[in-house]
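Right, one structure below, let's go through it.
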Number of protein chains: 2
Amino acid sequence: MAPPERPAAVPRDPTRVVIEGVAPEIDAGRFPAKRVVGESLEVEADVFTDGHDLVAAALWVRPPGDEPTVEHAMVPLGNDRWSSTVVPDRLGRWAFTVVGWVDRFGTWRHGTLRKVEAGQDVDVELQIGAELVRAAAGRAKGPDATLLADVASVLEEGDADGITADGLEAAMRRWASREPLVRYGRTLEVVVERERAGHGAWYEFFPRSASPDPDRHGTLADAADRLPYVASMGFDVVYLPPIHPIGREFRKGPNNSVTSAPGDLGSPWGIGAEEGGHTAVHPELGTLDDLDAFVARASSLGMEVALDIAFQCAPDHPWVTEHPEWFRHRPDGTIQYAENPPKKYQDIYPIDFESEDWEALWDALADVVRFWIGHGVTIFRVDNPHTKPFRFWEWLIASIQADHPEAIFLSEAFTRPKVMHQLAKAGFSQSYTYFAWRQSAWELREYFTELTTPPLVDAFRPNAWPNTPDILTEQLQHGGRPVFVQRLVLAATLSANYGIYGPAFELVAHRAVAPGSEEYLDSEKYQRRVWDLDAPHSLRHLIARVNDIRRSHPALLQNRTLRFHPTDNEQLLCYSKTDPAGGVPVLVVVNVDPHHRQSGFVHLDLETLGVDPHHRYEVHDLLGAARYSWEGSANYVELDPEVLPAHIFAIGRPSRSESDFEHFA
Amino acid sequence: MAPPERPAAVPRDPTRVVIEGVAPEIDAGRFPAKRVVGESLEVEADVFTDGHDLVAAALWVRPPGDEPTVEHAMVPLGNDRWSSTVVPDRLGRWAFTVVGWVDRFGTWRHGTLRKVEAGQDVDVELQIGAELVRAAAGRAKGPDATLLADVASVLEEGDADGITADGLEAAMRRWASREPLVRYGRTLEVVVERERAGHGAWYEFFPRSASPDPDRHGTLADAADRLPYVASMGFDVVYLPPIHPIGREFRKGPNNSVTSAPGDLGSPWGIGAEEGGHTAVHPELGTLDDLDAFVARASSLGMEVALDIAFQCAPDHPWVTEHPEWFRHRPDGTIQYAENPPKKYQDIYPIDFESEDWEALWDALADVVRFWIGHGVTIFRVDNPHTKPFRFWEWLIASIQADHPEAIFLSEAFTRPKVMHQLAKAGFSQSYTYFAWRQSAWELREYFTELTTPPLVDAFRPNAWPNTPDILTEQLQHGGRPVFVQRLVLAATLSANYGIYGPAFELVAHRAVAPGSEEYLDSEKYQRRVWDLDAPHSLRHLIARVNDIRRSHPALLQNRTLRFHPTDNEQLLCYSKTDPAGGVPVLVVVNVDPHHRQSGFVHLDLETLGVDPHHRYEVHDLLGAARYSWEGSANYVELDPEVLPAHIFAIGRPSRSESDFEHFA
């Protein structure tokens with residue numbers, strides 16, 4: 001590889017406008033930023049020149065496809081910062097850049113008006129202005145051409161009224177010379193995805209446990225019958241673990257034992273057997289038709305289905321014999337199984353992305369995704385993406401979205417921060433997070449501040465899960481029902497995307513396989529479970545309430561406006577989200593101590609909440625239904641975890657009567 | 001200009017290593033970072049890959065000229081961050097980039113050792129390792145080739161001792177395959193300037209006032225006789241305002257009056273008259289020979305001369321007739337004078353950088369700089385650079401430094417922050433600052449924290465001036481001698497480069513031309529002044545002491561280690577600088593209230609100071625000469641502005657006796 005280039009001589013360039021500090025820009029434009037349809041894209045840039053001349057700037061936006069580039073004027077924010085906001089209205093990769101120029105007309109107008117005010121002779125200035133306007137008239141079309149020619153004549157006659165002629169500024173904005181126009185050095189991109197990429201409530205469950213008959217393996221048909229229950233809790237996305245044939249060689253037994261008995265079901269992530277691989281349905285679950293019916297049933301209930309993409313193979317996966325070159329062979333001729341020395345995972349063969357045949361391999365993997373898209377599934381939860389090359393995901397997601405911009409990919413990576421961020425930058429629509437292990441108020445404040453501010457907010461969309469089949473935190477094991485409620489509220493209100501693994505979650509399942517382990521006892525990863533969905537301790541109605549609050553409060557369905565407010569009790573976490581479209585602000589107070597009643601004052605940033613500090617305002621607890629009349633920044637809160645560990649307040653505008661308040665509650 | 005490019009399809013790239021977040025990197029490599037010879041350049045980068053494989057990284061550095069690229073190993077800092085430090089040893093533009101690769105041997109060694117520890121069979125692993133080592137042996141030269149071939153044989157024989165064979169790791173670091181090597185996407189640059197760019201104490205004075213005879217105009221010869229006085233105060237750089245012929249048309253009178261009487265001297269910045277322009281010496285000051293003698297005299301006293309570069313012309317500058325195309329003509333045929341409507345500066349014609357003849361103009365301006373370099377001057381204080389195009393300066397400075405890397409340029413811009421920063425990024429070695437107007441403790445903390453941390457610290461070298469001929473702050477007008485002492489100590493210890501305009505400063509000149517004005521009464525910009533250098537109230541001996549402290553404490557001669565320490569009295573500003581080379585740390589405490597004695601505790605970050613928190617340590621006031629024995633973080637300080645408003649402490653290592661302390665004091 002060549003050594004660093006020798007520094008080139010600095011070229012002569014007579015242009016004067018500087019454009020820099022453009023945002024959003026991720027790693028100097030190496031990766032696109034993310035938005036969803038209808039979400040604002042505010043582009044900012046530093047634009048300035050030397051001396052006293054005024055500048056002007058514009059945002060150039062190229063929509064996907066063959067649509068022409070559109071120019072949007074930028075407005076100054078002060079301190080040489082300029083801004084323009086567009087709202088992307090279609091899916092795909094948008095391109096944008098910023099242009100700037102010396103505003104010669106504006107500079108002339110400003111200076112000449114100052115001279116007129118000071119009573120100075122402006123005869124020569126009027127001639128200078130006339131030249132500018134006359135030149136623009138020559139370029140102008142339609143009524144502008146006439147107007148500009150007329151004003152030029154007025155100025156040529158020495159009449160200072162021409163400076164402030166009606167319509168002159170607007171016409172000059174359209175037709176004045178911008179030479180030499182300066183363009184920002186890079187074209188930046190934004191991937192615009194559909195609304196569901198931006199927000200959603202997810203519910204994961206194992207079809208194998210969906211049978212109404214405790215003695216029978218659940219099927220996709222049983223799972224379809226479970227969907228009304230899931231819909232009743234208000235979820236948007238139903239996510240199924242892998243539905244493919246499960247390998248028999250080295251199959252794991254219950255509780256992850258390394259040997260299995262006949263009849264043991266194995267892990268759905270041990271993908272592939274003689275019945276087929278990544279595009280087949282496990283015979284015990286049913287057929288492709290059953291899957292189609294499941295997808296249709298979910299759709300009829302207003303939900304979407306997410307499938308699991310786990311690019312790894314059981315030893316008896318058909319690819320192992322059909323494409324041995326896609327696996328790493330050891331000097332003794334055996335295929336390298338997964339390992340993290342000294343741990344061995346002999347039931348899993350990793351795919352060898354350094355295979356000589358990598359291009360065909362990549363195509364085959366992309367075809368798996370396309371296959372399921374062909375069956376109406378466009379949301380994919382990707383298992384362990386951090387063990388495959390980042391550039392593979394970047395290519396895969398871009399390739400799929402080029403044809404199917406509606407496809408959504410969730411990264412299931414729980415690893416080092418830079419690796420997780422890289423996967424998000426490489427294109428994953430959403431990402432699992434450290435949420436499960438961020439439990440104190442300061443940890444949650446720090447982490448969600450990082451997630452909801454640049455640079456992360458433009459690339460990384462958190463999907464917060466209190467539990468998963470792999471994660472039963474020590475807090476959930478020992479905190480009882482209050483901690484399940486607390487964690488549900490936190491996930492659902494801190495993050496526009498969140499999910500639970502059920503029915504374990506709503507049934508408060510909390511027994512681990514061993515002390516110090518985060519694995520569930522009798523985990524569904526390795527066996528069927530029978531769940532009593534009607535158990536009286538179920539959180540299903542509370543979950544339904546929380547999801548209903550989310551749906552009726554757009555403030556909760558995005559992350560960018562999340563703000564934390566100080567409290568004088570560190571066990572009380574207080575935060576708000578405001579709706580960029582002007583809907584009701586939501587204020588959440590959570591007692592993060594599951595064991596004791598906690599009380600104290602919250603100190604609200606009223607400006608953020610849009611509350612007039614000089615008037616009383618109403619807060620309505622959407623969870624507990626109480627209403628309070630508050631005043632000023634400091635307000636008292638008391639939360640008993642045994643009753644409800646959280647308030648989710650709708651914040652009222654200053655109001656005089658209950659009825660004024662009703663309209664937005 | 002073309003619209004934004006349509007997003008390209010994401011290419012297929014099978015490489016797995018990510019390199020990003022490289023520092024120092026200014027605006028994605030658009031501008032070089034800055035260092036001086038002998039100053040450390042620590043390059044950091046995020047380097048990682050997918051999965052569990054280890055990676056390795058190296059820094060490639062290309063020195064200026066034809067020297068070959070040198071590789072430096074990078075070491076992991078944790079959290080996927082890697083670092084390598086080089087110390088540039090010559091002037092010029094250096095290039096560097098970062099490379100990374102999957103460390104297959106390291107990954108194999110780590111995993112195999114874990115398996116051996118766990119008592120697992122590693123027969124196949126030894127064969128895998130043997131292949132890696134055998135391949136490296138084929139590439140190796142010298143003793144490494146033998147060693148690697150021998151170890152490969154040991155491994156092939158199934159002997160696990162081969163894994164830990166002496167010298168194997170080091171030899172594999174040299175010869176193991178790096179394929180596929182990944183290189184960071186950009187080559188970055190560092191401009192390495194000479195030591196004087198990094199630190200210096202500047203003294204500005206007007207030769208016109210240097211005459212020993214109060215009735216006679218001062219000359220360069222008089223100014224040369226003033227040099228021993230300047231040297232006695234310990235300054236490094238003597239800066240003279242423009243020494244060129246002064247225009248006669250529209251010449252300003254004393255105190256900036258718009259009319260001048262015969263015999264009025266005019267402003268040195270009104271450059272050019274029939275006697276010549278930017279390469280001529282004002283006849284009243286003397287000749288080019290006198291300038292040469294002045295430069296030689298300064299050099300013999302250990303000082304350098306800085307000249308003023310003010311690219312503007314008086315109406316009678318020779319260029320106005322020789323090159324009328326370099327000035328802007330108005331429709332009435334007159335030349336556009338400088339203005340900021342409604343203010344007019346009819347004594348100054350700005351140069352028109354948008355001239356059709358701009359290339360010849362740029363060459364002529366560069367020739368001015370080369371002319372004075374030819375007379376032994378390599379430091380230039382550039383007047384109002386922000387009214388000329390940034391790209392002009394970028395070209396000019398790079399062009400001059402290509403032939404004369406010893407040339408140093410100080411930007412005299414007091415304008416909006418982004419404009420000042422852009423000039424620094426464009427190449428100015430040093431920059432004037434807002435220091436004069438940052439007077440409270442919190443303002444100084446905030447401003448100097450910004451200046452001494454990335455991104456600014458890599459581009460912008462502050463040169464802090466308490467006063468200039470244009471700036472007599474209200475604080476200096478009314479604060480008396482205590483404020484002069486305070487501001488001197490702040491400038492000299494907060495900033496590695498600082499300067500004063502004398503003799504006005506050391507003689508505590510504080511009368512403004514009018515209430516609310518920052519202009520000096522009877523400013524030397526428009527007339528001669530007579531100064532009594534031996535006045536008993538002169539600060540010359542205190543200044544000499546401060547400059548002596550600087551010279552003997554390298555910690556003060558750089559900015560990067562500046563750290564502020566909390567105090568419990570907001571009138572006490574406390575900060576330290578540590579010497580990267582391990583010299584004595586310096587701790588400064590300043591009472592920023594010039595009117596009252598202030599006392600309180602400072603709370604030191606002892607780790608930053610390298611002080612053992614469990615032992616007493618000595619602090620020696622280099623300014624007041626007192627010594628104190630301190631312990632722990634919190635220590636009491638009391639400062640009376642009428643005595644001395646500041647401590648400049650040398651911090652002792654834990655010591656048992658006075659003599660231990662002496663060696664570094």
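The count begins at 1 with the first shown residue.
Glycine too: its Cβ is placed from the backbone N, Cα and C atoms.
The shown structure was predicted, so the numbers you read here are calculated from the model rather than taken from an experiment.
Binding of alpha-maltose 1-phosphate is attributed by TrEMBL to A:Lys252, A:Gln312, A:Asn384, A:Lys525, A:Tyr526, and the same site annotation extends, among A:Asp222, A:Asp347, A:Asp352, A:Asp357, to A:Asp347. Note: the Cα of A:Asn384 (alpha-maltose 1-phosphate binding site) and the Cα of A:Glu412 (active site, proton donor) are spaced 6 Å from each other. Close to A:Glu412 (active site, proton donor), meaning Cα to Cα within 10 A, are the following recorded positions out of A:Lys252, A:Asp347, A:Asp383, A:Asp470, A:Lys525, A:Tyr526: A:Asp383.
Looking at A:Asp470 (site 'Transition state stabilizer') and A:Lys252 (alpha-maltose 1-phosphate binding site), their Cα atoms lie 15 Å from each other. In this view, A:Lys525 (alpha-maltose 1-phosphate binding site) is surrounded by 21 other Cβ atoms within 10 Å of its Cβ, with every protein chain counted. Across all of the domain 'Glycosyl hydrolase family 13 catalytic' (A:204-550), the predicted model scores a mean pLDDT of 97. Listed recorded positions: A:Asp347, A:Asp383, A:Glu412, A:Asp470. The one with the lowest count of other Cβ atoms within 10 Å of its Cβ is A:Asp470. There are 23 other CB atoms within 10 A of the CB of A:Tyr526 (alpha-maltose 1-phosphate binding site), with all protein chains counted. Contacts of A:Gln312 (alpha-maltose 1-phosphate binding site) defined by a Cβ separation under 8 A and a same-chain sequence distance of 6+ are given as A:Trp269, A:Ile271, A:Ala338, A:Ile348, A:Tyr349, A:Pro350, A:Ile351, A:Asp383, A:Asn384, in order along the sequence. In sequence order, A:Val258, A:Ser260, A:Asp264, A:Gly266, A:Ser267, A:Gly270, A:Asp347, A:Tyr526 constitute the residues six or more apart from A:Lys252 (alpha-maltose 1-phosphate binding site) in its chain with CB-CB distances below 8 Å. DSSP gives A:Gln312 (alpha-maltose 1-phosphate binding site) a strand state.
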